[in-house]
Structure formats: structure tokens, C-alpha cells
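Peer 1: Take a look at this one; I'll ask things after.
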Amino acid sequence: MNYALETNDKEIFDLIHEELDRQNTHLEMIASENFTFPAVMEAMGSVLTNKYAEGYPYKRYYGGCEFVDRVEEIAIERAKKLFGCGFANVQPHAGSQANVAVYNALLKPYDKILGMDLSHGGHLTHGAKVSVTGQTYQSFFYGVELDGYINYDKVEEIAKIVKPQMIVCGFSAYARELDFKRFREIADSVGALLLGDVAHVAGLIVAGEYPNPFPHCHIVTTTTHKTLRGPRGGMILTNDEEIAKKIDKAVFPGMQGGPLMHVIAAKAVGFGENLKPEWKEYAKQVKANAKVLAKVLMARGYTLVSGGTDNHLILVSLLDKEFSGKDADRALGEAGITVNKNTVPGETRSPFVTSGVRIGSAALTARGMREKEFEFIATKIADVLDDVNNAAKHAEIKKEIAEFAKGFPVYTKAIF
């Protein structure tokens, strides 16, 4: 058997190395992306990928699970310690699957969900009509006010009209802190369960740099990458034993078969990193760097939804500009800066064009960049957007960015 990727499949090997070069020479500023730890990638590339383990630790449907049982047990214990909760399911393959599993466990088809409007910063799985969640359940939405903040009195007003079975508090593009306590008061007032989707800010929560959804949320879901810097995957947490039992059944056998044991091992490794004292410093720096981005871009005349940030991301509104989010995304890409176009409150363009861009600080902070570097980066972003159709200028800035990025290498090899 030929074990070497380079000789076994040169085409894929070369593409992986081209991606390594892109990650090293470009500035990754998509808010949902990050650079995971080499040890996490080692675990993902391990022999655990060969093991089927349907079921849960010590309650499997296959034999030979004595070692993967312990692996999953460690992942669960570390997850509970990180969030200070009683139960954790680490098997969901992704955050979206974690959310769907929660709905399947606790709701009936056509029950009512109240979540954040996608164009105001919510997520597809919070009831958007294009998502299975918006097709299986009756979905209703709250949003932000003209100042870019959630108006909790308005959320309560909507909840009392809708009377949902579940309220979802979470986001994919909201730069401010969520008031989980207030959300719980609203949920209790209408007899609803409260789901906290903290996929974007989980890494800040476990460092004490963002409010903890517990004890306010009945259920919490998150991804394990993004600000946690673990492998791509999902997780469901709760303090309620009866809810935990329903969640476990909804994940397996309800939605998934065999768990990805190599990824669960990688989750455990990532959680181990999150538990280290230095994690708190990383999370603090993520927030500090995002504030620099906000300050510089606003000083250069760009409008930020909510006028700043409390977390790892900023949302730039281009409603007052002649160019779109798609134009900005393309122009910054030409300059070696990767962001994503994003809808904004008051959106006038289609989701494929948009009137905003979402920019995050987590990945570049993982490369060791601090306030000084982020001031330089924010200046370059503004330079590009000030001349959004000048491809020649973007090419020059790309050279500057590539030279700058050399000082902060991501990885020295592509395969672990």
C-alpha cells in the first residue's frame, strides 16, 4: 500500500499546498474562519477515522470501542468544564446539524420558532425560509433597530404576539453582546424554550470575554471551530437531564449514524487548548484587535452597524456607498484580504450582492497580530474600498500584504 499522498495523489497534494500558500500570504478575515492547532490536525489525521462507534460511550452498537469510548468521554468532560454545564453532546458534525437536532428533539413540525432575521445578523438555521428549519417549523423573526442594537422590549412584544415554542438567541453577524438573562425573561413570559446559538463567540465565552449563556438558556449550541479554533464540527450543551436525553436520541439515531471519532478526538484536543491559561489572553486580543478595525474604518468614513463591536467581528454597511458588498468582497480579495459580503439591516440588494461586508479578527490574532498590525490592516482595507474599482492599485496593495504576512506564518507544512 502506498501511504504517501504526494506520490499517491499528486493533484490533491499540490492543491493542498497551494492552499497553504494562500493562507500564509493572504489575510484571512472571514469572521467564521480561524487557524486550528497543529495538534488538532494530527488528531483528525489519526487512525481513529477507521472506527465506527454508533451510540454513546459504553453504550455502543459495535465492538472494539474501548479506546474511542474514552476519547469521547474526555471530549464531553472538557466541554462541560469549559461552559460550566452538566451535559454535552459532542457528536454533531456541524453547527447547523446541532441546531436541527435541537429542534427535532424538542419541537413538533409546524411549532413556532422566533429567531433573529437573517438580514439583521441571524443564521439560516434560525428559521430562514430557504433552510429546512423554516420549512419544517413556523418561523418568525426579530431584528435590530436603526442604531444596530436589539431592542429587547420589541422582541418581547413580538414573542407575546407569536407565542413561540422556542426562542433562538444567536447570530452570524451581530457585533454586540447578547443579554441572555433578558432573553430568558422573555422566553419565560410566553412559556418558550430558549436556545442559545453561540457558534461565533464560544471562544470568547469560555475565556470570560463574553457573557455565558448558562444558566439562562435551556440549550446551547455551538460550532467547535470559529473562535474556539478547534476542528470543524458542532456541539450541544444543557443543564437539564431530560432535555439531554432527548438531544442524545435526536442526534443518534435520529439524525446521524456513526460519529466521526477522529473529529471528536480533535474536539477534545481543541478543548484542552481552550482550558489553558493563555487562552484568555488570545480572547482578549481578539476583541482588542476588532476594536482597532472598527476605530480606523469609522475614522475613514465607513459606517459600522451598531457603531462598533463587543466581540470578534464588525459589520460594515455600504448602504451609503455606490458600490455593493459583492464589489467590496471582490476588491479586497484582489488585494489579498479575504472577507465576505453580508446583508445588513435595511438591505436593498439581493443576498448574492448585499450592501455590507463582515470582517473578523480571530484568525489574524491566531497568527500573532496585535493592535499595531490591525491598524495597518484597517488602513489598507480603507485604501482598497476608497478606490474599489482600481485593480492596479489593489495589485500593489496585494504585494504589500504578502510581504507583511511573511512576518506572521500560519504553518510551516500543509499536512499533519
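Every residue gets a Cβ built from N, Cα and C, even glycine.
What Swiss-Prot records for L118, G122, H123, L124, E242, S350, P351, F352 is (6S)-5,6,7,8-tetrahydrofolate binding site, and it gives sequence analysis as the kind of evidence. Among the features that Swiss-Prot reports, site 'Plays an important role in substrate specificity' is placed at H225. Taken from Swiss-Prot, the feature N6-(pyridoxal phosphate)lysine applies to K226, supported by sequence analysis.
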Peer 1: Cβ distance under 8 Å to F352 ((6S)-5,6,7,8-tetrahydrofolate binding site), same chain, sequence separation 6 or more: which residues?
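Peer 2: When sequence neighbours closer than 6 are ignored, F352 ((6S)-5,6,7,8-tetrahydrofolate binding site) has K326 within Cβ distance under 8 Å.
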Peer 1: Fewest other C-beta atoms within 10 angstroms of its own C-beta: which of the recorded positions H123, H225, K226 fits that?
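Peer 2: Across H123, H225, K226, these recorded positions, the one with fewest Cβ atoms within 10 Å is H123.
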Peer 1: Tell me which of the binding-site residues L124, S350, P351 ends up closest to H225 (site 'Plays an important role in substrate specificity') in space, Cα to Cα.
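Peer 2: The answer is L124.
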Peer 1: Helix, strand or coil by DSSP: which one applies to the residue listed as 'N6-(pyridoxal phosphate)lysine'?
Peer 2: helix
Peer 1: Any idea which of the binding-site residues G122, P351 has the thinnest Cβ neighbourhood at 10 Å?
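Peer 2: Selected from the binding-site residues G122, P351 on minimum Cβ neighbours within 10 Å: P351.
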Peer 1: Counting other Cβ atoms within 10 Å of each residue's Cβ, which of the binding-site residues L118, L124 comes out lowest?
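Peer 2: Selected from the binding-site residues L118, L124 on minimum Cβ neighbours within 10 Å: L124.
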Peer 1: Do me a favour and check the Cα-Cα span between E242 ((6S)-5,6,7,8-tetrahydrofolate binding site) and K226 (N6-(pyridoxal phosphate)lysine); whole Å is fine.
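Peer 2: K226 (N6-(pyridoxal phosphate)lysine) has its Cα 29 Å from the Cα of E242 ((6S)-5,6,7,8-tetrahydrofolate binding site).
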Peer 1: In angstrom units, rounded to an integer, how far apart are the Cα atoms of S350 ((6S)-5,6,7,8-tetrahydrofolate binding site) and the residue listed as 'N6-(pyridoxal phosphate)lysine'?
Peer 2: 26
Peer 1: What is the separation, in Å, between the Cα atoms of L124 ((6S)-5,6,7,8-tetrahydrofolate binding site) and K226 (N6-(pyridoxal phosphate)lysine)?
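Peer 2: So the alpha carbons of L124 ((6S)-5,6,7,8-tetrahydrofolate binding site) and K226 (N6-(pyridoxal phosphate)lysine) sit roughly 17 Å from each other.
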Peer 1: Give me the Cα-Cα distance between L118 ((6S)-5,6,7,8-tetrahydrofolate binding site) and the residue listed as 'N6-(pyridoxal phosphate)lysine', rounded to a whole Å.
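Peer 2: Answer for this pair: 19 Å between alpha carbons.
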Peer 1: Pop the Cα-Cα gap between K226 (N6-(pyridoxal phosphate)lysine) and G122 ((6S)-5,6,7,8-tetrahydrofolate binding site) into the table, whole Å please.
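Peer 2: Between the alpha carbons of G122 ((6S)-5,6,7,8-tetrahydrofolate binding site) and K226 (N6-(pyridoxal phosphate)lysine) there are 16 Å.
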